[in-house]
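J.: One structure, pasted below without further comment.
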Amino acid sequence: MRRRTFLTGLGALGTATLVGCGSKSEDKYVADPGALQVYSSQHENLTKAWAEAFTKETGIKVQIRKGGDSSMGHQIVAEGAESPADVFLTENSPAMTLVERNQLLAPLEDATRNQVPAHLTPSSKAWTAIAARSTVLVYNPAKLPATDLPKSLMNLAGPDWKDRWGCAPGGADFQAIVAGMLAGQGEQKTKDWLKGLKSNARALQNNIATMKSVNAGEIPCGVIYHYYWYRDQVGTKEGSGNTKLHYFRNRDPGAFVSLSGGAVLAGAKKPAEARKFLQYITSKAGQKVLVDSQSMEYAVGVGVPSAPELPPLATLQAPPVDPFTLNSDQVATLMTDAGIL
Amino acid sequence: MPAFSNVPVRYDEPLADAPAIAGRRTARTPRLVVIAAVVVAAVLVAPLIVVFGQAMSAGTAEASRLLLRPRTVELLRNTLLLVAITVPVTVLLGCGAAWLVERTSIPYVGIWRGLLLMPLAIPAFVSSYAWTSVLPSVQGLGGAVFITALAYYPFVFLPVAALLRALDQDQLDSARSLGSSGWDTVRRVVLPQLRPAIAGGALLVALHLLAEFGVLQMMRYPTFTTSILQQFAVGFSNAAGSLLAAVLAVLCLGFLAVEILFRGKSRIARLGPGTRRRPVAHRLGAWTVPAILGLAVLVALAVMVPAAIVARWLARAVATQAVDVGPLLAATGSSVGLAVLAGLVTTVAALPGAWLLHRYPSRAAVVLERVTYISSALPGVVIGLALVTLAVQWARPVYQTAALAVAAYSILFLPRAMVSWRSGLAAAPTELIEASRSLGVSGSATFARVVLPLVLPSALTGFVLTFLATVTELTATLLLAPTGTETLATAFWSASDELDYVASAPYAAGMIALSVPLTVLLRRQILDQR
């Protein structure tokens, strides 16, 4: 009896091993050597839409590795010149700047650069903007009448805003906004503002949670990027039906526009295909894919209008910040010192 | 009367160290087993060395700046508070439920046994997700305790129920006939036998709480682990994250020490399986209805409500044709493949250490075993990043292969297999092995013919526990899974992170569907154990 139990068990284990080994040998557990390797911290839907359209157009297979901005940038640096990545796409520019500072990016081709306005690629020609997003204040008019809206993002650090706003300080999106503030307002003002954030703001897990919290009336307003709100508006309005957007404008730190970046890695195994991919996503066709994907991010390609629901990028009066120097290193340190991270 | 032929041996005396020491002296520790145990321990410690190395690289000034600040105190307080409240709650729930099911006249025992284990099939982050989607007020410390206690009490229930079921009624009757009161019998006969199970279960709960991320992130309750993840997500300040991870590792060491103290030195064993009298059920009488209600509420909160909410979102996903079958199948395939591999590797890797500790108990063996717990207390992402660092520098060929992911799972989940092996080996007392050896059977043959048949159910338990944990592992998988591999957990997380309840429902349902049969298997195991 005991022996039978034992033998049955052994048989089960053996079968399981075979199943295990069988599935291990399938290709889906290894990166496809025939496919272009794209490291992307951009939204999955958009990255997929680009990859599928690109494959359809060129026949080149694309494999996507997902991640977050900072951790993925950090990962590429850790992997060094041997990184399996051919292309890197980010949501915000600081992660790209990190990789650039480690000299891991290949220079862009002029043909690609010329597809986006000159001020959207760094002078180093190492990468290009592929999309853009604007900072907004989402607010619940039932809890915060439009007349009481803050004039500046900086005001939210004041004592009258205690427990009255929220944000997602752990995310790369918000840290990019702080990086913009740091570049425009200097270290002392940013430090003081972060101190105010620590005592005033509810820390939420991401932009969507922030928006939904405002929508549910748990907090009167929150700092997010614009496209989360627009995506919900064209969809079910489940998370934003009770809310409105406030644009700070006036070159306020709260009017910060963040660039999503794209680049070819210096150590790319498929450099030609990688360049072609970057050229495609910044082309008219590629930017049209972005607009059609309903990601509601701003298109950056020359002559490609963004989704009609969005106020034009030029009217947002973003602060004059050089996106190519934004330093999240220092932001992380400041936020850690403020007890936020 | 078979009942009398069945003499239990030294089940509760704070054992008589003599036989153990004699055993140690007579048997020479087999070198191969030692080597295997040392290799496993070394692999498990490697990520820890990376973490401490990175933490040290910060330098004293930077380290004290990062650690000696109010935030660290806040995180420490939050973490300890969560453990201090949740662990006793899980012990109460686990032991209470186990006692009701195994030792009382409560009806429908079979059904309860299955239902009470079901939380194992519903990942904690799925359950917290389900609760917050209908009750956003479930958050903070209260919400975190609520979700984690309901999700983790089976870690206590499982071993305690198995032991209570196996409890020999004759022992209890002997105690009673020798004049012990009911409570005295519990205190002197039952509790000593339960102690290792309770201690082991509570330790698992505590370690899970230390490493929990998904639930606490959703509950917006910052602990060391959520903060470490934030630091790693920031990515540029590796030292800050590693320092926090090092503190977490120290906390884990503290818990391990507490568990050793609590476990005590008593040993439980019988000479051979023998026959034992089925326990006499405690008659509940008028308490039957309240007892049923209590269990029903527990099961409803832990299983039914979350499952119903997931089902509701799933129904909506189906109705709106939002279910993408291809990716769902692919993710299921990846989850199963990785989990089977992880289960096998982990179960095998845990054996040498457990065997040494059981057969050749010594300080060194205890250290080898305990070492396996430390890395597992670290959040998956810390292990993941440490393995990335190691693989990038020393083992490029395994980088971004399933092998590295499986290694991470083994490092993270080895204690589950270890705990299972240990309770199984406890059922194979030294005396049996010595009898076999004295009859001229070789060591390895004794292991195969005497020990393995007795412990195989426990080995399977270890495999199943590891499998279940792997299916729901998130943060290490995000880092280590080969490019293009999406598991149910990662797909669920990317949808739920965007609070897309509908899109995440099929993956949540997938994880539950995969876990339910295994949970049923676990239930069988408790039944079959004797």
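Think of each number as a place in line: the chain as shown, counted from 1.
Including glycine, each Cβ sits where the backbone N, Cα and C put it.
All annotation found in TrEMBL is predicted automatically rather than curated by experts.
Residues annotated as transmembrane segment in TrEMBL: B:32-55, B:75-100, B:112-131, B:143-167, B:197-219, B:239-263, B:284-315, B:335-358, B:370-392, B:398-415, B:459-481, B:501-522. According to TrEMBL, the domain 'ABC transmembrane type-1' annotation covers B:76-262, B:332-524.
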J.: When you scan the chain for residues with a C-beta under 8 Å from the transmembrane segment (B:335-358), skipping those not six or more beyond its ends, what do you find?
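T.: Residues packing against the transmembrane segment (B:335-358) from afar: 29, 33-34, 36-37, 40-41, 43, 365-366, 368-369, 372, 402, 405-407, 409-410, 413-414, 416-418, 420-422, 425-426, 428, 447, 459, 462-464, 466-468, 470-471, 477, 481, 487-489, 510-511, 514.
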J.: Relative to the transmembrane segment (B:239-263), which of B:75-100, B:143-167, B:197-219, B:370-392, B:398-415 accounts for the most Cβ pairs at distances under 8 Å?
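T.: That would be B:370-392.
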J.: For the transmembrane segment (B:284-315), which recorded stretch in the set B:32-55, B:112-131, B:398-415, B:501-522 gives the largest number of Cβ pairs separated by under 8 Å?
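T.: Out of the listed stretches, B:112-131 contacts the transmembrane segment (B:284-315) most.
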J.: So which residues does the transmembrane segment (B:112-131) touch in its own chain, when a touch means Cβ under 8 Å and the partner is 6 or more beyond its ends?
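T.: Apart from its flanks, the transmembrane segment (B:112-131) reaches 97, 100-101, 106, 138, 143, 146-148, 150-154, 157-158, 161, 212, 214-215, 218-219, 295, 298-299, 302-303, 305-307, 309-310, 468, 471-472, 474, 489, 492-493, 496, 501, 504, 508, 511-512, 515-516, 518-520, 522-523, 526-527.
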